[in-house]
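Beneath this line is the structure, given in structure tokens, with notes to follow.
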Amino acid sequence: MTWTTTNFAYLEDSARKNRYGTTPPISEVEPSSKDEQSTASLNSVMESFDLKVDRAEMEKREIALGDLHQMLTEWVNAMTVKLGMNELATETTALLYTFGSFRLRVYNNRTDIDALCIGPMHVTHSMFFDDLCGNSLKKHPDVEELTMVPEAYVPITKFKFRGISIDLIYAKVAREVLTDDFKISEDKNLRGVDPQSVRSLNGVRVTDMILDLVPNQEVFRTALHFLKLWARRRIIYSNVIGFLGGVSYAILVARICQLYPNSDSSMIVRSFFRFYSSWRFPMPITLNKIVVDNPLGFTVWERHANFYDRMPIITPAYPAMNSTHNVSISTLRVILAELKRANEICKPQIITEDIWRELITESDFFKSHKNFIQVRCSSMSADHQQIWCGWIESRLRRLVMALEDAAFLEAVPFPRSFRHKTASGEICNSFFVAMDIKLPKTGLKPQINISRAVEQFLSFANKPWDQRTEDMEINLNHITQSHLPDFVYKDGKRPTKQKKKKKIKKKRKKEVQPDEESKEDAAAKKLKTGIKSEPLKTEVVPMDDDSLIKPEKTAAAKRKHDSSESEDVPPDVKELKTVS
């Protein structure tokens, strides 16, 4: 099969229904002249961020995908012959699909390509990692920076092919002969497929179904593109760390498109913030009715069985899954705060370029917190470091959860790492988790001890792992804001600290009570961490990698589950009723 744009299956000409989603629309109002002005200014802001892909780059990607597809087909044929099934080798093929941002067409020149390889039943996952990835791809002259994560919830191989970043996953289906007429969208083709492969197949199935469940795909794409920009700049974009990933944002935007089917992109963005800033999570967000009739026997998300999920955003393809399992108490709090901030900014009738830019102002994370844990993973080679950094990142959520179990403490992770070198030549990646101390108003000054949380995380991160080498090390530092390394700030420049004006105290000193901030500062000084506290001098290269991990239903997650604080809900949310 020759790779062409028809393989993307964008569903542009799909038959449309009169109603989308599980409820009637909230509003079918058409855009006003003010809305059109707001959309024009939104488009102008997006253009300034260079979010489009030029034609030459698009052609380069299509050619690379075509050549990769040919390579995968040759590999499947070779494996079939190796198994003594010569008569099938000439009949079967490998299929290659894209999914995620690339398939949605919400990407730029720097976006990774998420790709799925489908093979016949006799070509196993171990063959995929050992023979294809560990041998053929590793030795290919056009492949660089190859990293395999076979133990991930969705096993994945990351690499660069002719300079293009590709995240490749694999699924095998219950067919001895796989041909081009295989229809990935049909549920019956999941029969006899292992759960690992089902999760891989659903990357494509979910992407296609999202597109098929929105009334206007171009409006959806523009709104999603802008909201992903907003999420990245406000540092609430990372599934692995505990915020939201691309699939979750796509589902959230698609739901708003269903509820406001005639809106333009600026109306969708504004409705997004108004709706979700008042939504009472953990009420789930769904795009269609969850299939509870389960003839194939896969695990399907159900609210009563997953009561500990804090912000359930459910994938539309069978079997339904929660795309936000990793969201923690602290990350949910940050997400909701950002939604409320955005909703306040977007209240004017006409949103100008200045207002849009204010909305997506970069977060001042390192100025907003006073105490941090620096998780520093290091090794002696770039190849080792890429593997080791991904391993630690996929486990960082455990540290956040452990810190949340400590009294009077909120833990907020920074969703990216910083790469740097030490004086001894080690290659390092540093992750940061902010610790906000929230003391009770009783006047007590308890001592906060996070030694156990640190020990639990280090014990988990240091578990035996067959890909770990002797040079891979990890250490944790407790750092205050004043001792943060320069590389965490933009352009490596530490902001100048402004001197505060002294206030005249009208009461006698003994009558002055310490304010909340000074109490927290005092508690921070007594913070028992069980780790050393030291500033680092390094050179840095920012990193931004996502990976997939296996969600785990921990006792702590169940115990700490709670819903967000009750808020006044606007009429359009209150009146939303499910239609059976």
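Residue numbers in this text run from 1 along the chain shown.
Each residue, glycine too, has its Cβ placed from N, Cα and C.
Bear in mind that TrEMBL entries carry predicted annotations, made automatically and left uncurated.
Taken from TrEMBL as is:
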type     : residues                                                                              : note
BINDING  : PHE99, GLY100, SER101, ASP112, ILE113, ASP114, ASP167, LYS228, TYR237, GLY246, VAL247 : ATP binding site
BINDING  : ASP112, ASP114                                                                        : Mg(2+) 1 binding site
BINDING  : ASP112, ASP114, ASP167                                                                : Mg(2+) 2 binding site
COMPBIAS : 571-580                                                                               : compositional bias 'Basic and acidic residues'
DOMAIN   : 21-214                                                                                : domain 'Poly(A) polymerase nucleotidyltransferase'
DOMAIN   : 219-360                                                                               : domain 'Poly(A) polymerase central'
DOMAIN   : 364-421                                                                               : domain 'Poly(A) polymerase RNA-binding'
DOMAIN   : 427-495                                                                               : domain 'Poly(A) polymerase RNA-binding'
REGION   : 19-40                                                                                 : region 'Disordered'
REGION   : 487-580                                                                               : region 'Disordered'
TRANSMEM : 235-256                                                                               : transmembrane segment
Among all the protein chains here, how many other CB atoms are within 10 A of the CB of SER101 (ATP binding site)? 22
According to DSSP, which kind of secondary structure is VAL247 (ATP binding site) found in, if we only use helix, strand and coil? helix
Between ASP167 (ATP binding site) and ASP114 (Mg(2+) 1 binding site), find the distance joining the two CA atoms and give it rounded to the nearest Å. 5
Specify the secondary structure state of ASP112 (Mg(2+) 1 binding site) as given by DSSP, simplified to three classes. coil
Taking the binding-site residues one at a time (ASP112, ASP167), which has its Cβ surrounded by the most other Cβ atoms within 10 Å? ASP167
Please work out the helix, strand and coil residue numbers for the domain 'Poly(A) polymerase RNA-binding' (364-421) from the DSSP assignment. 25 helix, 19 strand, 14 coil
For PHE99 (ATP binding site), the number of other Cβ atoms found within 10 Å of its own Cβ: 26
Take the Cβ of ASP114 (Mg(2+) 1 binding site) and count every other Cβ within 10 Å, whichever protein chain it belongs to. 24
Tell me the Cβ neighbour count for ILE113 (ATP binding site), meaning other Cβ atoms within 10 Å of its Cβ, over all protein chains shown. 21
Output field, Mg(2+) 2 shell: CB within 8 Å of site CB centroid, site ASP112, ASP114, ASP167 dropped: GLY100, PHE102, ILE113, ALA115, LYS158, SER165, ILE166, LEU168
On the 0 to 100 scale, where does the mean pLDDT of the domain 'Poly(A) polymerase central' (219-360) fall? 96
Spatial neighbours of VAL247 (ATP binding site) that are distant in sequence (at least 6 apart) but have CB under 8 A: GLY100, VAL206, THR207, ASN239, THR315, SER323
Sequence-ordered binding-site residues within 10 Å (Cα) of ASP114 (Mg(2+) 1 binding site), taken from PHE99, SER101, TYR237, are PHE99, SER101
Can you tell me the CA-to-CA distance separating TYR237 (ATP binding site) and ASP112 (Mg(2+) 1 binding site), as a whole number of Å? 15
Determine the C-alpha span of the ATP site listed in the record, that is the greatest distance between any two of PHE99, GLY100, SER101, ASP112, ILE113, ASP114, ASP167, LYS228, TYR237, GLY246, VAL247, in Å to the nearest whole number. 19
For PHE99 (ATP binding site) and ASP112 (Mg(2+) 1 binding site), determine the Cα separation and express it in whole Å. 11
